[in-house]
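Chemist: Annotation source TrEMBL lists ATP binding site at GLY105, LYS106, GLY107, GLY108, VAL109, GLY110, LYS111, SER112.
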Amino acid sequence: MFFSSKISGLSEADINQLKAYIGELLGLENHSDLTLSQNTEKTCLVRLPFVADSIWTSVAEKASEFVQHTFAHSIRFEREYNVPIFEAKQNHVKNVKNIIAVASGKGGVGKSASALNLAIALQLEGARVGILDADIYGPSIPIMLGTQNQRPESPDNKIMQPIVAHGLASNSIGYLVQNDHASIWRGPMASKALSQLLKETAWPMLDYLIVDMPPGTGDIQLTMCQQLPLTAAVVVTTPQDIALSDAAKGIAMFEKLAVPVLGIIENMSYFECGNCHHKTAIFSEKGALGLSEKYALPLLAQVPLNPIIREYADSGKSLLHEQVQHDISVIYRQCAIDLSRQLCESVKLSAMASKLAGSIQVTQLDA
Ligand SMILES: Nc1ncnc2c1ncn2[C@@H]1O[C@H](COP(=O)(O)OP(=O)(O)OP(=O)(O)O)[C@@H](O)[C@H]1O
């Protein structure tokens with residue numbers, strides 16, 4: 001490798017101790033995923049397999065204090081992200097390292113808003129991110145990005161240029177067909193269109209491509225999921241029973257397809273009164289927590305019901321860019337860090353699982 005793993009003034013045992021300390025600060029289960037190398041005389045470069053800009057400054061400061069205190073040495077820490085590719089399904093789409101489906105069993109739970117805010121949060125945390133709107137029943141990403149009047153250009157009539165907004169490269173069924181046309185497509189037609197949209201877009205280099213899936217777990221959704229070289233999925237639900245039972249079907253669908261589910265996002269978890277700050281659980285309480293316990297999946301975020309989410313989404317503006325300190329921005333940013341870390345920890349598991357299962361399963365899925 002280009003990097004020397006030696007750091008002047010520290011022994012190998014010191015470096016291991018330091019790695020374990022930084023790994024713990026970052027919430028990484030396995031600190032061997034980190035690489036430390038001497039950058040300049042006084043700086044050490046930490047290569048992280050997941051993005052975490054909002055916690056990095058504090059991690060770097062604590063790591064410097066640790067080195068000073070433990071080894072009487074002075075080092076500053078810098079970071080570089082190196083998001084891994086899921087081993088079993090790499091190179092399916094040019095330039096795209098990982099494809100993550102955002103799905104919901106039930107319609108109207110805020111899947112598209114969650115997909116977009118998550119994509120923006122990942123980008124703000126330091127990742128290169130794209131969003132693909134595959135929701136044939138109501139492609140709302142162009143409105144939420146404020147790009148509904150744009151059309152992807154295709155100078156060679158073969159490959160489309162993605163539309164870039166809020167730092168995200170995007171493409172959507174909504175840019176190409178009228179809303180009511182796509183919603184009557186049958187499974188094969190919808191999945192063919194999705195596959196084309198995915199493969200015939202000139203994506204820039206992306207760590208994550210977030211796919212906003214159509215709601216539901218029927219044949220169309222299943223076929224569409226099979227058509228995508230998915231790395232993983234996230235399931236969005238509201239806390240009430242009817243949404244939860246549909247979310248469980250979504251989890252089961254991904255299990256059937258051997259796509260790891262990284263976790264659950266509970267949307268519209270509660271409403272907080274702007275005056276007295278009392279929280280009301282409008283759609284019931286702790287619903288997604290029970291689901292996450294039942295399926296042993298992380299509860300990645302509990303996003304409140306708040307008109308500001310709809311206002312920003314309707315006007316095509318980015319809440320996370322414009323209101324950086326807002327509680328909701330902080331929730332999504334933390335969710336992005338957790339998802340990114342969860343992906344890098346479950347990537348290995350999945351790769352291992354698919355190796356054990358052999359190549360037959362993967363071939364069938366891709367057929
Ligand atoms: N937490 C929230 N608080 C307030 N409004 C929200 C919240 N989440 C989503 N919304 C709004 O609710 C509406 C529906 O959200 P969205 O389009 O994301 O749902 P969906 O699950 O993708 O719907 P569909 O099933 O049609 O694909 C949008 O106007 C969105 O801005």
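Cβ coordinates come from backbone N, Cα and C, glycine included.
Any TrEMBL annotation is an automated prediction that lacks curation.
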Chemist: Can you tell which of LYS106, LYS111 has the most other C-beta atoms within 10 Å, given these are the binding-site residues?
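Modeler: Result of the Cβ crowding comparison: LYS111.
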Chemist: For GLY105 (ATP binding site), just count the other CB atoms lying within 10 A of its CB, please.
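Modeler: The Cβ of GLY105 (ATP binding site) has 25 Cβ neighbours within 10 Å.
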Chemist: In the same chain, outside GLY105, LYS106, GLY107, GLY108, VAL109, GLY110, LYS111, SER112, whose C-beta lies within 8 angstroms of the Cβ mean position for the ATP site?
Modeler: SER104, PRO215, VAL236, THR237, THR238, ALA243, ASN267
Chemist: Does any of GLY105, GLY108, VAL109, GLY110 have a Cβ within less than 6 Å of an atom of ligand 1? These are the binding-site residues; tell me which, or none.
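Modeler: So the answer is GLY108, VAL109, GLY110.
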Chemist: Could you tell me which three-state DSSP class GLY110 (ATP binding site) falls into?
Modeler: coil
